[in-house]
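These features come from TrEMBL:
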{"type": "ACT_SITE", "residues": "75", "note": "active site, nucleophile"}
{"type": "ACT_SITE", "residues": "162", "note": "active site"}
{"type": "ACT_SITE", "residues": "164", "note": "active site"}
{"type": "BINDING", "residues": "216, 217, 218, 219, 220, 221, 222", "note": "ATP binding site"}
{"type": "DOMAIN", "residues": "189-384", "note": "domain 'GMPS ATP-PPase'"}
Ligand code: XMP
């Protein structure tokens with residue numbers, strides 16, 4: 001895929017993987033020779049923010065169109081194809097953004113077996129007004145006369161819309177018709193390939209070196225570490241920092257789960273250190289910064305223990321479970337970078353280099369879970385709901401103290417237990433329980449007055465945590481959680497529920 005600055009570059013790559021075809025992303029500006037050297041079975045031209053008429057708009061060498069390789073264009077890529085192959089693109093002044101109905105005039109191969117009218121996601125200002133010769137026009141919209149075309153002889157096709165986004169109905173079919181039926185790509189790519197490919201890459205990068213991984217207990221770092229372990233065996237050391245803000249029984253659980261899978265796990269008990277650093281702090285960002293800072297300090301101390309005997313000049317590799325949604329730059333990047341700030345870490349030789357290993361950089365959460373399953377990680381680990389690095393520290397609104405943490409831990413354990421009992425674990429993305437530690441309200445229990453704290457349940461549904469909706473928990477489940485928390489946790493006398501979507505709310509309260 002040639003990336004013209006698409007917002008959805010990795011999403012397109014992911015849809016291609018879903019069609020069981022391997023894909024790589026190259027930035028626009030890559031020469032046609034370099035693209036062809038990779039021997040692509042097909043080339044996709046992505047969307048992009050430019051107008052093909054804008055000054056300095058990224059273009060494509062027309063040689064690409066005579067190379068004999070099948071080409072598919074979407075949005076901007078579609079317009080580049082039209083322009084490069086002799087059709088016409090015009091700035092008509094009419095724009096289409098968001099959900100747009102398309103009408104199929106003839107389905108051809110690309111749009112075969114789709115409803116003649118359906119909704120797709122558009123985002124464009126320019127419009128293809130005339131298809132290049134040899135192409136059949138397949139669809140149009142109210143303002144776009146040429147919204148899809150194909151030329152089966154040259155194995156080329158394109159659509160004005162974004163077939164990769166969920167809002168485009170039949171989008172995956174469009175891509176698959178191009179990949180399988182027009183370009184003839186074989187459907188051989190699976191998560192097993194991802195494992196093999198990443199293991200190979202890690203071996204290449206790390207060579208005979210050693211690596212360290214901070215396990216958070218979550219699925220991302222677990223899968224990243226498991227891949228690295230498969231690649232370099234016992235030259236990987238895993239470190240788990242217990243900052244005292246984990247959930248009830250979590251550290252023990254993580255230790256049991258991880259010792260099943262990993263050869264070496266270094267569990268660091270840092271509760272006192274973290275709680276001391278957080279004493280008196282209530283401002284959310286300050287809390288986060290302190291927790292982040294203490295975490296690095298603890299991790300560095302563990303590194304010193306583990307790699308204290310590292311040779312001068314030896315590169316130590318740091319494994320991170322960075323996912324695609326965490327990656328800021330588009331295009332996938334090279335996957336490695338050196339962390340300069342680690343250079344003068346106390347106790348380590350000055351010129352000891354750290355290099356990042358991020359085997360999940362191009363993947364989405366559900367793909368990471370599929371890789372985890374492929375690697376044979378326990379289901380509990382693979383399907384664990386996300387939990388923030390700062391832990392319960394950002395779920396106590398107010399100062400974080402051991403007493404408050406214990407209170408919240410109990411309430412949270414009850415909520416999680418009841419959610420699991422109700423069988424809703426996989427449907428609910430997350431259900432933080434938030435303690436409003438500085439709020440008190442009057443209640444009555446056992447004929448006596450109480451003056452306790454409220455907790456907030458925050459059940460949400462989401463696909464990627466970027467956006468979320470509040471989950472409509474069944475009343476019986478809410479009732480059970482509320483009754484148990486108020487009965488079993490002495491200081492809590494009210495349970496409330498947060499019914500705000502994201503945006504405008506975030507999932508966590510801090
Ligand atoms: P928000 O609250 O921003 O959360 O809607 C989105 C997702 O990110 C998680 N989260 C974090 N995860 N470190 C993490 O590893 C953090 O500092 C952090 N803050 C929020 C949150 O639980 C949700 O899944």
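Backbone N, Cα and C define each Cβ position, glycine as well.
Counting other Cβ atoms within 10 Å of each Cβ, the binding-site residues 217, 218 show the lowest value at 218. Annotation for the recorded positions 75, 219: lowest Cβ count within 10 Å of the residue's own Cβ, 219.
Proximity to residue 162 (active site), defined by a C-alpha to C-alpha distance within 10 angstroms, is shown by the following recorded positions from 75, 216, 217, 219, 220: 75. Residue 164 (active site) is 27 Å away from residue 221 (ATP binding site) when you measure Cα to Cα. Between the CA atoms of residue 217 (ATP binding site) and residue 164 (active site) there is a gap of 32 Å, rounded to the nearest whole number. Proximity of residue 220 (ATP binding site) to non-local residues of its own chain (separation of 6 or more, Cβ distance below 8 Å) is seen for 321, 322, 323, 360, 365, 368, given in sequence order.
Mean pLDDT, taken over the domain 'GMPS ATP-PPase' (189-384), works out to 82 on the 0 to 100 scale. Taking the C-alpha positions, the distance from residue 218 (ATP binding site) to residue 164 (active site) comes to 28 Å. Under the DSSP three-state reduction, residue 218 (ATP binding site) is assigned to coil, being neither helix nor strand. The binding-site residues recorded for this entry are 216, 219, 222, and the Cα of 219 lies nearest to that of residue 164 (active site). Cα-Cα distance from residue 222 (ATP binding site) to the residue listed as 'active site, nucleophile': 38 Å (rounded to the nearest whole number). Reported as a whole number, the C-alpha separation between residue 75 (active site, nucleophile) and residue 216 (ATP binding site) equals 40 Å.
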